[in-house]
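The next block holds one structure in the form of structure tokens; read it before the comments.
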Amino acid sequence: MGTRATTICSLFFLLWVLAEPAENSDFYLPGDYLLGGLFSLHANMKGIVHLNFLQVPMCKEYEVKVIGYNLMQAMRFAVEEINNDSSLLPGVLLGYEIVDVCYISNNVQPVLYFLAHEDNLLPIQEDYSNYISRVVAVIGPDNSESVMTVANFLSLFLLPQITYSAISDELQDKVRFPALLRTTPSADHHVEAMVQLMLHFRWNWIIVLVSSDTYGRDNGQLLGERLARRDICIAFQETLPTLQPNQNMTSEERQRLVTIVDKLQQSTARVVVVFSPDLSLYDFFNEVLRQNFTGAVWIASESWAIDPVLHNLTELRHLGTFLGITIQSVPIPGFSEFREWSPQAGPPPLSRTSQSYTCNQECDNCLNATLSFNTILRLSGERVVYSVYSAVYAVAHALHSLLGCDNSTCTKRVVYPWQLLEEIWKVNFTLLDHQIFFDPQGDVALHLEIVQWQWDRSQNPFQSVASYYPLQRQLKHIQDISWHTINNTIPVSMCSKRCQSGQKKKPVGIHVCCFECIDCLPGTFLNHTEDEYECQACPNNEWSYQSETSCFKRQLVFLEWHEAPTIAVALLAALGFLSTLAILVIFWRHFQTPIVRSAGGPMCFLMLTLLLVAYMVVPVYVGPPKVSTCLCRQALFPLCFTICISCIAVRSFQIVCAFKMASRFPRAYSYWVRYQGPYVSMAFITVLKMVIVVIGMLATGLSPTTRTDPDDPKITIVSCNPNYRNSLLFNTSLDLLLSVVGFSFAYMGKELPTNYNEAKFITLSMTFYFTSSVSLCTFMSAYSGVLVTIVDLLVTVLNLLAISLGYFGPKCYMILFYPERNTPAYFNSMIQGYTMRRD
């Protein structure tokens, strides 16, 4: 036999064993089409699927489950309301057969009973397309584990099953459960609502408690995965112990509860999420009360979010704030009154004692127990009740379509389960202002609500404080919550406080929520969107202060005209330019005089012209550097200055040669004069300087560069030569050598005739240049920044002034104030006197 035949044989055997005469029950309403109902009217403390036992458990031996009876009444109310409606199923009587599954203890026997014929036989067939079961659809049961058990049977027959509160995401697998639908959002939405609640209140340090069954494990795992994506950490997760049926808690289980509550006390987390059936929580909360663990926020899963019996433990109000995730409340007119006057479940009528029936269809204490909670049930509103109510109406609308009903009649005919299933998938109707239809996963998109537990008898015990919409996956309409804290402040549940702006996180331990906050150093910033654990360096042209989230442009610093040092240097340069120009005019007017000729004659005009050009180069030091200004700084000015110094050095050498070396080396002196020695020397020096300048420009380039001021990193110094310090000695080496040579020859000519003795003036100029250059190098080794540029420019101008005024100034003074000394006769007399002294 195939797998299908083997499965059917197993079902037949189980049905033969379990279908014995059962206890009396009247959870039955005859009709043309019967609905099966599976509800937990009783519950044990730890459900066991009794596949290994030959005897069906007696549910009445367990405690009454008020919510289960309330949901059963919702099914009965919906069926009676439909039967009284002349338009939905006119002429058709809808009936029901309800069985108590006592949570997860009794699922197999009822489903076999629903699948069997009236004679309690389930025949083995190759094709069940034309098979007629006892019921056309099943409503329930209430939890995911039971739903899977039932669905595995019903799916073989494609008998429609609509669950009203099972949320497991596994139930969306339509390959495994093709006949299963539900009128409640999936666990994915329940967990998402919890996570968005935590995000809204910035709780990222959470405790998770789960039950030891499939419900707790699966939802705890789903929550953990979802929290990890949102950087919410689980401080610890524990499994709550539960009791065996009709057994007291063992010492090991009690010690386990004590240990869990001890961990709650020691943890810094103050938000506790509990995924567990209500049955597992009574002993747990009693232990919490005993240890007086207070100040926490308890987030309840839908299994106990609106449980009236657990809410009846009024001492829970002292433990903290209780929030729950549950389905929306939809008022059902007339239901509260129906629940209150429903007759007590009694023995079955005599007309049915000869027919087939099943066990677990009685609940002697259900009505009394429910009435004792009637106030809280009435104030809390119809939540899961509406899910049952809409499930029954979904079947009724499918029958309406399948039977071809109009406003007055329906065509009664045989309804096969697979036919009804197809129509249920198609239903789309409005029920109490809510649209009911099934999405591709078989779910109805009713929105969820966040409820807060209240113990004020005048208020709703489960007050809605927010709504979650599955289609938008958004938490909205968040209202004020009454926190059990001082001044009603929002509780804080964070492993580490949020870092301030511009602080990076340094992980502490294994949890991403536990960290130290460290300020980002200057020059770095924190980009929260990319990396919260590392500060990023600012770009080269930007800077930041400590603890910044962005960088700002560095201030570009260069010499500007409005600055006082620049103005002072510019005035000196203007003074030098004007004085040099005046000297040039004076020398031009007295070109043929002995003083001008002794100073060098045409060579003086070359020097003065180059000095004027050098003064005109001074303005290029001011303002942002460009390629053209850098060319002037690095090429034009050094050439001008070097030629001036070379003229002085050559002139000093020429005078010494004329008076001291001509007689000793007449031949050499004649070559010097004949082949224009001074000009050849100056040309050689000029070419050598040009080579030095070109090498320097090739090494450093002409493009302006930027560098950070080491004393003030927010400042960027714009300069022409990035390696100015290193190249300064190389660029000035020739000038320093010429100054030493000029000084030496001037010193050698200190005994020459007064009119030719320029030792004092050349010594002044050359000594000043040498000293200033050495001082500039020393200054640059100690300081940096734009101050170096200012000092460099100042030294340059002073060196030019030293030549203009120190070398040419005394000669102008003699020309203007002692004209009698500017005659050939005077010069000849001075030469004769020098000659006589030597003799």
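Including glycine, each Cβ sits where the backbone N, Cα and C put it.
What Swiss-Prot says about this one:
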type	residues	note
CARBOHYD	Asn84	N-linked glycosylation site
CARBOHYD	Asn248	N-linked glycosylation site
CARBOHYD	Asn292	N-linked glycosylation site
CARBOHYD	Asn312	N-linked glycosylation site
CARBOHYD	Asn368	N-linked glycosylation site
CARBOHYD	Asn407	N-linked glycosylation site
CARBOHYD	Asn428	N-linked glycosylation site
CARBOHYD	Asn487	N-linked glycosylation site
CARBOHYD	Asn527	N-linked glycosylation site
SIGNAL	1-19	signal peptide
TOPO_DOM	20-566	topological domain 'Extracellular'
TOPO_DOM	588-602	topological domain 'Cytoplasmic'
TOPO_DOM	624-635	topological domain 'Extracellular'
TOPO_DOM	657-681	topological domain 'Cytoplasmic'
TOPO_DOM	703-727	topological domain 'Extracellular'
TOPO_DOM	749-760	topological domain 'Cytoplasmic'
TOPO_DOM	806-839	topological domain 'Cytoplasmic'
TRANSMEM	567-587	transmembrane segment
TRANSMEM	603-623	transmembrane segment
TRANSMEM	636-656	transmembrane segment
TRANSMEM	682-702	transmembrane segment
TRANSMEM	728-748	transmembrane segment
TRANSMEM	761-781	transmembrane segment
TRANSMEM	785-805	transmembrane segment
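Mapped onto this structure are the features recorded in Swiss-Prot.
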residue: Asn84; record: N-linked glycosylation site; contacts (Cβ under 8 Å, 6+ apart): none
residue: Asn292; record: N-linked glycosylation site; contacts (Cβ under 8 Å, 6+ apart): none
residue: Asn312; record: N-linked glycosylation site; contacts (Cβ under 8 Å, 6+ apart): Phe373, Ile376
residue: Asn368; record: N-linked glycosylation site; contacts (Cβ under 8 Å, 6+ apart): none
residue: Asn407; record: N-linked glycosylation site; contacts (Cβ under 8 Å, 6+ apart): Ser86, Ser87, Pro90
residue: Asn428; record: N-linked glycosylation site; contacts (Cβ under 8 Å, 6+ apart): Gln435, Ile436, Phe437
residue: Asn487; record: N-linked glycosylation site; contacts (Cβ under 8 Å, 6+ apart): none
residue: Asn527; record: N-linked glycosylation site; contacts (Cβ under 8 Å, 6+ apart): Gln536, Thr549
Completion exercise
Three-class DSSP assignment, Asn368 (N-linked glycosylation site), comes back as helix
Handout entry: Selection from 567-587, 603-623, 636-656, 682-702, 785-805, the stretch that has most Cβ pairs under 8 A to the transmembrane segment (728-748)
Key = 636-656
Fill in the blank from the handout: Asn487 (N-linked glycosylation site), DSSP three-state class -> helix
Practice task
List the helix, strand and coil residue totals of the topological domain 'Extracellular' (624-635) as derived from DSSP.
Solution key: 9 helix, 0 strand, 3 coil
Practice task
Determine whether the transmembrane segment (567-587) and the transmembrane segment (761-781) share at least three Cβ pairs under 8 Å, counting only pairs 6 or more apart in sequence.
Solution key: no
Handout entry: the transmembrane segment (603-623) vs the transmembrane segment (761-781): 3 or more CB pairs under 8 Å
Key = no
Practice task
Using DSSP with the three-state reduction, classify Asn428 (N-linked glycosylation site) as helix, strand or coil.
Solution key: strand
Practice task
Could you pull the average pLDDT for the topological domain 'Cytoplasmic' (806-839)?
Solution key: 74
Problem - Intrachain neighbours beyond the topological domain 'Cytoplasmic' (588-602), with Cβ under 8 angstroms and 6 or more residues off its ends - result: 647, 651, 755-756, 758, 808, 811, 814-815, 821-824, 826-827
